[in-house]
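Have a look at the structure below before the remarks.
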Amino acid sequence: MGPPNSTTVHGSELPPKTTEHCQAPRELKGYRKWMDENLMLLVTLSGVSLGVILGFSLRSFHLHEDSIMLISYPGELFMRILKLMILPLVISSLIAGSASLNARMNGKIALRTLVYFASTSLLNAILGIALVTLIHPGDPDLHNSIDRSTDRRAAVNLLDSLLDLGRNVFPDNIFQASFQQAHTVYVPKPAVLHAFNETVNENVDETLFDESIEQGTGAQREEVTEPALIRVIQYRSGTNTLGIVFFCLVFGTFLGTIGSKGQVVVDFFAAIFEVVMKMVTCVMWLTPVGISSVIAGKILGVTDLHLVMAQLMWFILTVTIGVVLYQFVIMQAIYYVFVRRNPFKFYAGLIQAMLTAFATASTAAALPVTFRCINDKLRVDQRITRFVLPIGCNINMDGTALFISVASIFIAQMSGMTLGFGELVTVLLTSTAASMSSASVPSAALVLLLVVLTAIDAPVQDVTLLFAVDWFVDRIRTTNNMLGDCYAAAVVEALSRKELMALDAAAILYQELPISTPNGHVSLEGQTELDSTCTIPDAVIVDMNAIMNTVQQQQQYQQQQQRNGYVNHKN
């Protein structure tokens, strides 16, 4: 007896039709398909809109600090969950991504990525200098109308920032790098040395002080002697993502060179990456509550929003114009030149990640959402995205370079300083260097701004002028940072397409080779393990050039056939 609904033809039973009584979902069409594809984007956009409306609506009630804290609490938990996923996401993506490529390919991708990051950061600094010079938002009258902090900070040295960058790239303890990062601070000399100097110079100081009193100068000893500062390397709280990125890149690169013995480790980290991305998908359904809470809390936390916006409106407008010009003109032109596709379609696929970066004011916090958008929607090669995005969220700070160049010249303009060509070049170089050493945390650019102001001898204490508006400007420039990472991944993928195709062909060749022994030697018929001299990794590396030449010849052949108008319909 045959299965139900079976038919009999010439005495033989046929299986039932699979199209009948099928539980397969129907294909959505029209607006239902659009809603299904963009549901998460609409959820994120509703969270941003609700936060803005709620924040401005509740300002008239003058809520207590405890009430504002309770409104911000769901957003705080949302941020903590996103940051919780950063470390496992970065580690798993970098190790799995770099292990899937060979060492030569990793070097080429790293070089292209770093050149792209440095070029775009320099381009943003040039754009910021041009806009702030043309618009001239700094008004000397504004310098005296705003209350400023009188606390002077120690001058930040550019050399210290660059050296700290190197110390964090090469950590001395990978476990410590998970929660601390090195930085240079200036502290007074130890009490023993200070007391010794006072004892040695006591008689001389007393004589000079008495002579000054006798001459009627009225000099005070406290004004003559200043506490000496020394440079000390300390550790502060915060994940040293740069050090973790470097270690994972090196670890993954060497992991990919040991062949089948390391495949279990590669699969382990690839599985971790997939699990974290599934967790991100679940967390994103909390976006309306989390993002609206973050934005509403920030708006309610500003003391005098209208006065600050009115006084610093030209500064905010200058930064906003720079961000818009870079995102909608320069970035799209770069994408079209290298990728040769519609750049605005690529931009539309990143709106959800951009809104998350705007709400959280952190490229690292938006990294899980960025991975989801660029892998699932835009279909960029995961071998490239796992390599580029974790590096970009720590090094590529396009919006920060733009902000630092605008803010430093803005403060100089308020102080009545006239910057020559040499000072502008100094701002350009220091802004680019400082942006690449920036931490992916909110308001990190204000600390780096001290480096540029020190380089051009501008008032360092005037940085406090920008504290009141940095909560808003930080969100604007963070979208530049996040989009710069995604466009870098697309450009690097386009530049590395031939190598990626060669790796795909090499993977097919790898599967067709004889089974290897645990030591990586090919076990051929009639040979022992010691007699074999061929290894799979070496064979793959040796044949790379030949495979790339074959791919190029096939592409040329197809182009020639298209020119002749001949289309091959065979499989």
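Glycine is treated like the rest: Cβ placed from N, Cα and C.
Keep in mind that this is a model prediction, so the values were computed, not measured.
As stated in TrEMBL, the feature transmembrane segment covers range 241-258 out of the listed 241-258, 493-510. Non-local neighbours of the transmembrane segment (81-101) in the same chain are 109, 178, 239, 241, 244-245, 248-249, 251-253, 255-256, 262, 265-266, 269-270, 272-273, 276-277, 279-280, 283, 286, 360, 364-369, 371, 382-387, 389-390, 503; each lies 6+ residues outside the stretch with a CB under 8 Å from one of its CB atoms.
By the Cβ criterion (under 8 Å, sequence separation of 6 or more), the transmembrane segment (312-339) is not in contact with the transmembrane segment (39-61), since fewer than 3 such pairs are found. Contacts between the transmembrane segment (346-367) and the transmembrane segment (113-135): absent, as fewer than 3 C-beta pairs lie under 8 angstroms at sequence separation of six or more. Sequence-distant contacts of the transmembrane segment (113-135) (same chain, at least 6 residues past either end, Cβ-Cβ under 8 Å): 314, 317-319, 321-322, 325-326, 330, 334, 387-388, 391-392, 395-399, 401-406, 409-410, 413, 424, 427-428, 431-432, 435-436, 480, 484, 488, 491-492. Panel annotation: around the transmembrane segment (241-258), residues 86-87, 90-91, 94-103, 106, 110, 165, 168-171, 174, 177-178, 181, 265-266, 364, 387, 390-391, 393-395, 440, 520, 537 of the same chain, lying at least six beyond its termini, place a Cβ under 8 Å from a Cβ of the stretch.
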